[in-house]
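**Q** For reference, the structure I am asking about is given below.
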């Protein structure tokens, strides 16, 4: 017994001929998806044969195109060596990062040898790879060994396309059966569905994928963090990306010669802001001699000029400490989720800009155990069952801890820093009470939740990966 779409497809096609889904759709009046659906059902009945041809295509990568145009690194290096430029230092200077690549390939070919600090030519090499790049660009074939080498060097990429053909094998003597394809609300209300025959659906048949809009997985995790703290009674605060070094460092009792304040760690602007007032004088005195905090301070002379310089904030603590200075009376519960900037070398776990979750609790009767309980509750709500705390050190908190969560396959992973603000931080700003504070890297948390090994993946426009991400996570 054939369904309506099977019958429509068979009636429109000729026995013994082969059609593409597009051709069959035009002849039958069905959509391409309906044609494929009917074809796979008819194949099971032996009326048609669905032929799937997979075509492999090779193309040059951006680097492959450049090497084809400018020459392979080993070609350039051999040309220099042959012309008399043999010094390793000079060759590195001329070729940059391509020097090691080129030297490695020339040594494999037996074309050069390294003698001391010199590269010496031995025999004329062949550069078949460049000819192969040209052949691939023109759509011609190359031998498998060369192809593997080019793909290993990431000069060539492989892609596959699938073409489906429908061949009609035979046609039965058939009549249109009264098979219902749609169950309507009216049929359910009136009960007319009883005794009817409904079309069976094969859920394994390929169909066109539909990609609906959804929130980016990283943005969703940020929103989860925000929701947790709002549910815990916190107020969300915001602040400027550009801050005076005073609020980013000095107000947090970070010494002016601290390594974190070096040019290689912080983005400094060539601009300054006016600073004056009682708070500035108190912070100055605290750094120099401890003021009235009971501390001896850092000693030396505190520089107002350094404190006046603007920086791209290195942590959102600059926002929370400023908030507490403006709201010094307890109780206060605030958090900030925002972007921060540091002069980091980009790799799988570091970026020069990233998101940080910062929070503070100001009250008279809170202590270290409350901080641990609060952080444990947050991580539990975020889906981490095993949480522990390791002693840490930060210039502006004492005691200090680093929270860690256990992840299957990775072990214990550190996710930030926390502690109780020192008196050298709170008293100069007029803050009345104890302050629990923490700063967590959301990027690393997101990597664990999503299962990524490379932080950069969160920011790449990889539609394939984004489409594969589920709308909801466990």
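Quick reminder: no glycine exception, Cβ is built from N, Cα and C everywhere.
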**Q** Besides 317, 356, 357, 358, 421, which of 341, 393, 396, 459 does Swiss-Prot list for that L-phenylalanine site?
**A** 396
**Q** Across all protein chains in the structure, which of the binding-site residues 396, 421 has the highest Cβ count within 10 Å?
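**A** Sorting the candidates by Cβ neighbours within 10 Å, the top entry is 421.
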**Q** If you measure every Cα to Cα distance among 317, 356, 357, 358, 396, 421, the residues said to bind L-phenylalanine, what is the biggest one in Å?
**A** 18
**Q** Please report the distance from the Cα of residue 317 (L-phenylalanine binding site) to the Cα of residue 398 (Mg(2+) binding site), rounded to the nearest angstrom.
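**A** Each residue's Cα considered, residue 317 (L-phenylalanine binding site) and residue 398 (Mg(2+) binding site) end up 15 Å apart.
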**Q** Quick one: what's DSSP say for residue 396 (L-phenylalanine binding site), helix, strand or coil?
**A** coil
**Q** Among the binding-site residues listed here, 358, 398, which has the most company in the form of other Cβ atoms within 10 Å of its Cβ?
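**A** Result of the Cβ crowding comparison: 358.
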**Q** C-alpha of residue 357 (L-phenylalanine binding site) to C-alpha of residue 398 (Mg(2+) binding site): distance in Å?
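**A** For residue 357 (L-phenylalanine binding site) versus residue 398 (Mg(2+) binding site), the Cα atoms are 20 Å apart.
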**Q** C-alpha of residue 398 (Mg(2+) binding site) to C-alpha of residue 356 (L-phenylalanine binding site): distance in Å?
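**A** For residue 398 (Mg(2+) binding site) versus residue 356 (L-phenylalanine binding site), the Cα atoms are 21 Å apart.
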**Q** Provide the number of Cβ atoms within 10 Å of the Cβ of residue 317 (L-phenylalanine binding site), excluding the reference atom itself.
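**A** A count of 30.
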